[in-house]
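**Student:** Sharing the features that TrEMBL gives for it:
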- 71-118: domain 'F-box' (DOMAIN)
- 445-477: domain 'SWIM-type' (DOMAIN)
- 329-353: region 'Disordered' (REGION)
- 364-387: repeat 'WD' (REPEAT)
- 388-429: repeat 'WD' (REPEAT)
- 430-469: repeat 'WD' (REPEAT)
- 470-509: repeat 'WD' (REPEAT)
- 552-584: repeat 'WD' (REPEAT)
């Protein structure tokens, strides 16, 4: 018997039409009659019909009608109006939740105009270095599209119902396609959260302060045998790749800022290292017209340069070999169209002790100390490239100019010396101080030195001329800060003086500390000071009165470290604590700087903290715990998924 196939089912009704009548002629006639009524009559008919419904039937009507009343108001509006409405949202979490409503909303909320405004609102756009660092790390250029997701995959252009994104969105995106503000905001938000909560401890290194000294007690001069210096950190320099620590036992430790690993130890100094400077690899050469290295006709450079005797590997590290200039540093995509350095002198030095390179392919370290020698090291190989002699006493302070192979060292022999560290030669001697040079700071081709003779001096590095002698302190000067416009100096007389860099006039005498002022840092709008009394005081530079913004009882004893940026203030003290403060974001322009609030202690308390320094994503803390020298390296970089 043949198998009869089942009947073919009737086609489904098209979307939007109800099929509850199942072809009933009575229902069809009622529907046709209802369609011919006037609007007022239709409402009366519906009202009468609803009055006759049971509760279960009313519930059925409610669940049936509610989806029909839903309307995507963002889709109904022009894209520009929708973006304008969304731009009023301040909370990024609200935008993130809204992106989960539909594909259309998700695509709309990818627009970088919204996230650019969010970056400005949360203060992420104020840090120009943060923007450039993110571009560099992510390898971004002007061809990168804003419609890239966080993982780099292109988002779909179609919505759930097949409709493409409106063309009106494209012009808004094309204006800022050169930078992915959404991805940048996510990255910065996670980084800030790590700072405020707790970062990730990359490594902790411990070393005995007093290493055992091998000596023969039966030797005739055993009593006069030298005792090894303690491994006390005296100086630190940090950038995004390396952490360099100078020790009183003549050694220099180099740690990786990305992993926290101790990469190498530089051995060569015969006694304690008191000053280190880190030169970042690559960098941007000096602007046209500024000499990178020249003898300027100075008779002090009559001797033959040492670079002719260097092996090719070290010549390459210094940028002297032709391959280094051809293949060393990739063209900087941010240099084109970027504004020139701010007037009048150039770029201020970094508070972390690092400086921009002049295009050399390897990172370099410059160090000086009690053996009166300045040494130039290649970080990659650990070799000592140059040993520069000339000082007759301990080298106490050191700075390297941005984008130029020029180092300036200050010594207890009362002089400053200018060195060409690319070719290993002395350029000139800066004389004028009558006592030890204790501190210095640089901005462009200007250097400010502070001395135990109670004066500061402003020098032109290119000519060697002393431009100004700043007199006013009554005791020894221990710290100076220079931003190209103003000079701040502090010392044993417990006062801070602010000077005009162009005229040398004293602008303000700031009081508030009761002991030695040992820490200073200038920002474009604020001056922060730290003293041996444990206080940290911030002064506003926005008004001519240099008013006090805030007084912090930060530590129970001397402030050993102080560093701040647009958002955070980090202090360390001999009481063994490292404290993090956050500046409040001003909701409207104000003539005064915002105050800061205490956030947290950045590490466990110790016996004493010698040094602290940080970059945007790394912080190095040098402390004493259980009689040992301890180096902690923390990372605040968002972890890659």
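Counting starts with 1 at the first residue shown.
Each Cβ is built from the backbone N, Cα and C atoms, and glycine gets one as well.
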**Student:** Could you break down the residues of the repeat 'WD' (364-387) into DSSP helix, strand and coil, giving a count for each?
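**Tutor:** The repeat 'WD' (364-387) comes out at 0 helix, 16 strand, 8 coil.
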**Student:** DSSP says what for the domain 'F-box' (71-118): how many helix, strand, coil residues?
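**Tutor:** Residue counts for the domain 'F-box' (71-118) by secondary structure: 32 helix, 0 strand, 16 coil.
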**Student:** For the repeat 'WD' (388-429), how many residues does DSSP put in helix, in strand and in coil?
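**Tutor:** Summed by class, the stretch gives 0 helix, 25 strand, 17 coil.
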**Student:** Which residue counts does DSSP give the repeat 'WD' (470-509) for helix, strand and coil?
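**Tutor:** Secondary-structure composition of the repeat 'WD' (470-509): 0 helix, 23 strand, 17 coil.
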**Student:** Using DSSP, how many residues of the repeat 'WD' (552-584) fall into helix, strand and coil, respectively?
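**Tutor:** Counting residues per DSSP class in the repeat 'WD' (552-584), I get 0 helix, 20 strand, 13 coil.
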**Student:** Along the domain 'F-box' (71-118), what average pLDDT does this model show?
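**Tutor:** On average, pLDDT over the domain 'F-box' (71-118) sits at 85.
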